[in-house]
Amino acid sequence: NQVLEMFDHAYSNYMEHAYPADELMPLTCRGRVRGQEPSRGDVDDALGKFSLTLIDTLDTLVVLNKTKEFEEAVKKVIKDVNLDNDIVVSVFETNIRVLGGLLGGHSVAIMLKEKGEYMQWYNGELLHMAKELGYKLLPAFNTTSGLPYPRVNLKFGVRHPEARTGTETDTCTACAGTLILEFAALSRFTGTSIFEEYARKALDFIWEKRQRSSNLVGVTINIHTGDWVRKDSGVGAGIDSYYEYLLKAYVLLGDDSFLERFNTHYDAIMRYISQPPLLLDVHIHKPMLNARTWMDSLLAFFPGLQVLKGDIRPAIETHEMLYQVIKKHNFLPEAFTTDFRVHWAQHPLRPEFAESTYFLYKATGDPYYLEVGKTLIENLNKYARVPCGFAAMKDVRTGSHEDRMDSFFLAEMFKYLYLLFADKEDMIFDIEDYIFTTEAHLLPLWLSTTNQTISKKNTSTEYTELDDSNFDWTCPNTQILFPNDPMFAQSIREPLKNVVDKSCPRGISRAEESLGSGPKPPLRARDFMASNPEHLEILKKMGVSLIHLKDGRVQLVQHAVQAASSLDAEDGLRFMQEMIELSSQQQKEQQLPPRAVQIVSHPFFGRVVLTAGPAQFGMDLSKHKAGTRGFVATIKPYNGCSEITNPEAVKEKIALMQRGQCMFAEKARNIQKAGAIGGIVIDDNEGSSSDTAPLFQMAGDGKNTDDITIPMLFLFNKEGNIILDAIREYEAVEVLLSDKAKDRATIFKGKMIPNYIIDSNLEMEHMDQKSSENDSHKPNSEEAPSESQDAGAVSEEPEGGGESSAVGDPDPLSPASTASASVSMADQDSHASGPTEAGAPEPACTPGDSQPQEQNTQTEASSKAHWDSKVQPMESILADWNEDIEAFEMMEKDEL
């Protein structure tokens, strides 16, 4: 009843003070007419002098059981609305609000007509208007790519001299990818296939242009070339409804390819963007790098989409985080930081959070979400209600208003709030027979079997590399998801209830600890040792569990309901916050660039360079330019966590050991005691590589590490196996540990360069037909960098140049195949040092938003060729670097 009263207040004020204008200005009690008010920029592109708010509200009237008002509104739209105005509008906004509003109105109008009481006079007039508008939007699709121009003139189209548009080159992914529901519905209702064909073509093009290694899409794309203009990716503004429409297109149209695409993207989102409970933007070509440290409010729709997908746990977590932000600020700010401070303070009464609340209640039946809805209603009435409607918030911190009430407020907010509280008997039709568009307009599911003019292509061959278990071909049954467990959702929410409010109990201070025999103080993050069984037992008592991630790190997760008591749960929460602060602090203290492990013995002679993670203790290789050179030896025990049992094999050599079981510093002390001159820790996580995982630094153990004087480096599993394979093949393997790769002239200074190198260079030159370099090599000359441009003998490995690769060959002994296994320092690693390892069995417990640290890269390094079975062209290397530079510039801009 409260929702109905609030809707009446907003709708009646629009009709009384604003109609036929597009929107109500609630502070000045008048209509907003485009051209008569100061321009608000792109926001005004939604206004087309077509009574936007009334059209957007049509199907809301029927959902709220206001059938008489609906009948009057439809008559007004048919009689008064003109779609042939000389005005430039947004294709995206006009599609979802006006075309969607007309189709939603038509959908419920024919439903009411069938029921026999209302709308008996109706003869498809709204559908005729929708078709007219559809034809007015089609000129925007006149591009070679099939992606629409972002704007169109309703009267003159795009290319006409009087159109005043058509010069744009970019559009957002959501703008081009949020058309299929409305355009397909229009085709199915009318039997005119062209609309669905155009929308499908745009979707197909975006899919083809996705970043293939990450399966993510960027925010903006060039409509002519298909190049990504903004290469950051998330689930908020600019991309949001593209993902939504892929899943809903499958639901409405039954085309499997849409579900396959959605699942492919969803897998990437959960792999890179989802950092529960946060959803953080990343770079599409470097998805382990966060693109910004704030989130926008449009991502609030995503928990609702996850419910539709059937992935309930992360939906509950993200929704709860958003709710905590709302409780702090009364509304969801347009953007907020990862530590939940306001980034952009305005709030235009967006409905996405209400939408997710409705879907979560439908899925769980948890009355908690009714309480959430009640909070939304109370805040709207308390802070946004004004005499002439509801006013947007200009600043959620001060409560100041803005003179706007967007049409989506009536189209979506009241619809979702009413449905949240309505019982089945409160509805005059079954809402389950319809799907919601992104503007909450209703399209009937029976459209899936009507006028199927599009032939479905079997594209399943594209998806063979994916895990089939990720593909659910039916919507999940909530009775299976929540088997007789009303506490399920609460158990997921509980650990997040104080995630925004940082004022947590601090436990017992150090001063109190020293005062004798009081209760045992709680475990502090700085004292935690993962190898200490007692500490692990305390963690368990606090409800904190250790999860081993695929990339080798360890994640700490607290479930308050699993704690032994409420006090233990509080200690656990404090411990988690301390651990995050400690890791963040360690990361800020030392951001070290990557190091190099260079194999210098026969038959490699310096050509194989492996990207290595640095240590925050031991010899600083950047201050010892010569590095540390020696033969490698595998230690016993291999984990290096106890006294070395084969010291004679390790003495004066560089020790190889496996990650795990104890702290890095402990390993270093043990091998140093055995006489090793350096150490290489190899990741125990099978298949890990610097190609795909962020490079991290090996942290100390919280104690003084000045006693460690030897250099220590870390290699991921893939790179470490290159050394282990070399030992198996050649036994005596010599490596150079240094801050960056050395050229061969430096490595072999004062020595004759072996003939083997010359032979291999000549053979490789002969093999590589694409190489334009034909330099001769003299056995007794020292090779300067400029003289070594051939593919096989890179004289000075670049600090960043191409991806790491280890190309297998059936003949590992041949010179060419040995050289083709060269591994350059990965480009991503030269720009960013990953999260510091701290506080677990050498694991990271750091927030994943470490900022990239740009290194000085030698200009001449760009000319060095990289072996990956063929030479990487100069243009390709430069293009990669430019892409990185653009990405980092964008990050700096976002931060500013």
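Along the chain as shown, residues are numbered 1 onward.
Glycine is no exception: its Cβ is also placed from the backbone N, Cα and C atoms.
Annotations in TrEMBL come from automatic prediction, not curation.
TrEMBL lists Glu93, Glu334 with the feature active site, proton donor. The active site annotation in TrEMBL covers Asp240, Glu352. Marked as Ca(2+) binding site by TrEMBL: Thr438. The domain 'PA' annotation in TrEMBL covers 635-722. If you look up TrEMBL, you'll see 767-781 marked as compositional bias 'Basic and acidic residues'. As annotated by TrEMBL, region 'Disordered' applies to 767-871. If you look up TrEMBL, you'll see 815-833, 848-862 marked as compositional bias 'Polar residues'.
The structure, with features from TrEMBL marked on it.
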residue: Glu93; record: active site, proton donor; Cβ contacts under 8 Å, 6 or more apart: Asp45, Ala46
residue: Asp240; record: active site; Cβ contacts under 8 Å, 6 or more apart: Ala174, Leu298, Leu299, Phe301, Phe302, Thr438
residue: Glu334; record: active site, proton donor; Cβ contacts under 8 Å, 6 or more apart: Asp296, Ser297, His343, Trp344, Ala345, Gln346, His347, Pro348
residue: Glu352; record: active site; Cβ contacts under 8 Å, 6 or more apart: Ser297, Leu298, Leu299, Ala300, Phe301, Gly304
Please report the number of other Cβ atoms within 10 Å of the Cβ of Thr438 (Ca(2+) binding site). 25
On the 0 to 100 scale, where does the mean pLDDT of the domain 'PA' (635-722) fall? 89
Secondary structure content, the domain 'PA' (635-722) (per DSSP, counts of residues): 20 helix, 16 strand, 52 coil
